[in-house]
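Novice: Copied straight from TrEMBL:
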type	residues	note
ACT_SITE	His222	active site, tele-hemiaminal-histidine intermediate
BINDING	Gly57, Ser58, Gly59, His60, Lys110, Asp115	substrate binding site
DOMAIN	10-337	domain 'DhaK'
DOMAIN	361-562	domain 'DhaL'
Amino acid sequence: MEPHRKLINSVDGCVDEALCGLVRASGGLALLRGHRVVLRSDPECLRGRVALLSGGGSGHEPAHAGYVGAGMLSAAVAGGVFASPPPASILAAILSLHNAGACGVLLIVKNYTGDRLNFGLAAEQARNCGVAVDVVIVAEDCAFDRPGKAGRRGLCGTVFVHKLAGAMAEEGSSLDQIVAKVTEVLKGTGTLGVSLSPCSVPGCLPSFDLPPGDMELGLGIHGEPGIKRSKVMSADEVVKTMIDHMTDPDSQSCLPLKSGDSVVVCMNNLGALSCLEMAVVTRAAITCLENRGVLVARVMSGSFMTSLEMAGVSLTLMLANEETLRLFDAKTSAPAWPNLSSVCVSGRSFDDTHAEGPLSPVMREVLQMVCSTLLEKQEELNSLDRAAGDGDCGNTHAQAARAIQEWLQGHVVPGCPGRLLSVLAGLVQEKMGGSSGALYSLFLTAAAAHVTEGRSNAAAWAGAMHAGTQAMRRYGGAEPGDRTMLDALCPAADELTKLTTAPPGGQMLILQAAVQRATSGAESTRDLTARAGRASYIAAERLTRPDPGAVAVAAILRAVLESMERQKK
């Protein structure tokens, strides 16, 4: 059996040529002459700051040299493929950083015997030279229920340590402060790998046999087999199995993850999965975690710590608070760090806008009343529309009402009114369709920005109504008097502007007047000539009944009023 072919020049030269390729392609990196050490090309920036050094065997690219840059590592030292770097090179890197003016050097070491020994020896030698050195051992593997004497392995969670420690060092934190922070964060960090294939070191046979159709759970990054073998499952099942294993409370290696926690997710390609597969498993991880009530704050998906050409992934979860996320989001020039959004993945914001609030039951009741009213009026609206259009106005409004009812059954109503209006805009756009769906969605989207949990008084609602109405006019092209829903909506919105100056006791009277003006406006469309919408193509003498869109708006506003009057009793 022949070794797998690789696109290299020689087995002996591939590591040095790969390091040279990285450095030649990256303006911010340099090589330390005589050693496999990659340094920042601006060492003067380290003066008075803590320098960070990591490294390990090659074959895990872009780790670790790809994480050298401002805001991450100061240097990385490489060994041969899957082989720990020699102590002499580690020491040379430490001394280089010390000589550049660093006030201390932190070694970030993955928990493998060779790495611990060689980095430990270099650390002791550096201390004898008067260098302030400390070591953080990363051991966040969740594979083993009962880890042996060697302990848990260091895996892709190491990259999170590079990032957080690097951000702290850039801010001028001390060696002790950085060690304390990353030690605390590592208690809430876990990684688990799964693979559909082994890998092979250049010039060697595959590291283990894995029959077609099988997968290996809990394997490391050096080609060693895992803890459990099973038939290949779907992506969703694989990810669920991984998260179940990682959070199993009976395991000594478990990650203490509970509902309500926030996490940063890293879906790491071990080398040979396609980008399409990576996106599928990333989606599965986000969905699985959210179904457990976990807030996914940030997601990294890509190749961050590989195992040559292994066809698998590792999943890293890191419990996160605001301070951790601040450090995670800090800028870095390291070439392998992805360009990530600093917006929370779950719910698209870090404040809990999905949580219920004091207004939630009120808004739920109002929505229920609006939906039942539209369903009752389905045939009346269809009948009005048959005279003016295609006869489906009642059906489209009923479709929207049923979609909202269905959503209400499976979701809490967020306490933030703007969040609710945004949800409704999405539902209406998707389920209602046609120009009515687009117009209502425009209205709701424009209104949403004007009402938040902290700003939901009567004046804010009046502003929201005005903004929604203006959006309809701007994009729909119609004006009051054109025989459209605006003939009911605009008079009501005008009346509601009085809420900005009304005393609290007079607010219901203004709402009642607004509903009355909407009803009168809808009735007035009997005598108007249609200048917009489908009715504008119909002869004026045939349009003797009110516009169905205007009637629907008046009915919605009356339902809102009646629901609020009922709840006040």
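Positions of Cβ are set from backbone N, Cα and C atoms, glycine also.
Where the annotation comes from TrEMBL, it is an automatic prediction and has not been curated.
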Novice: Compute the centroid of the Cβ atoms of Gly57, Ser58, Gly59, His60, Lys110, Asp115, then list the same-chain residues not in that set whose Cβ lies within 8 Å of it, in sequence order, for the substrate site.
Specialist: Gly55, Gly56, Ala63, His64, Ala78, Gly79, Phe82, Ala83, Ser84, Ile221, His222
Novice: Ranking the recorded positions His60, Lys110, His222 by other Cβ atoms within 10 Å, which is at the bottom?
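Specialist: Ranked by other Cβ atoms within 10 Å, the recorded positions His60, Lys110, His222 bottom out at His222.
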Novice: Cα distance, the residue listed as 'active site, tele-hemiaminal-histidine intermediate' to His60 (substrate binding site), nearest Å?
Specialist: 9
Novice: Please list residues from the chain of Asp115 (substrate binding site) whose Cβ is under 8 angstroms from its Cβ, counting only those at least six apart in sequence.
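Specialist: Listed in sequence order, they are Gly56, Ser84, Val109, Gly154.
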Novice: For the substrate binding residues given in the record (Gly57, Ser58, Gly59, His60, Lys110, Asp115), what is the largest pairwise C-alpha separation in angstrom?
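Specialist: Binding-site diameter by Cα atoms for substrate: 15 Å.
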Novice: Do any residues at least six apart in sequence from Ser58 (substrate binding site), in the same chain, have a Cβ closer than 8 Å to its Cβ, and if so which, in order?
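Specialist: In sequence order, the residues whose Cβ lies under 8 Å from that of Ser58 (substrate binding site) (at least 6 apart) are Val15, Ala18, Ala78, Gly79, Gly80, Val81, Phe82, Ala83.
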Novice: Identify which of the binding-site residues Gly57, Gly59 has its Cβ surrounded by the largest number of other Cβ atoms within 10 Å, counting every protein chain shown.
Specialist: Gly59
Novice: Whole-number answer please: how many Å between the C-alpha atoms of Gly59 (substrate binding site) and His222 (active site, tele-hemiaminal-histidine intermediate)?
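Specialist: For Gly59 (substrate binding site) versus His222 (active site, tele-hemiaminal-histidine intermediate), the Cα atoms are 8 Å apart.
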Novice: Please report the distance from the Cα of Gly57 (substrate binding site) to the Cα of the residue listed as 'active site, tele-hemiaminal-histidine intermediate', rounded to the nearest angstrom.
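Specialist: The Cα atom of Gly57 (substrate binding site) is 9 Å away from the Cα atom of the residue listed as 'active site, tele-hemiaminal-histidine intermediate'.
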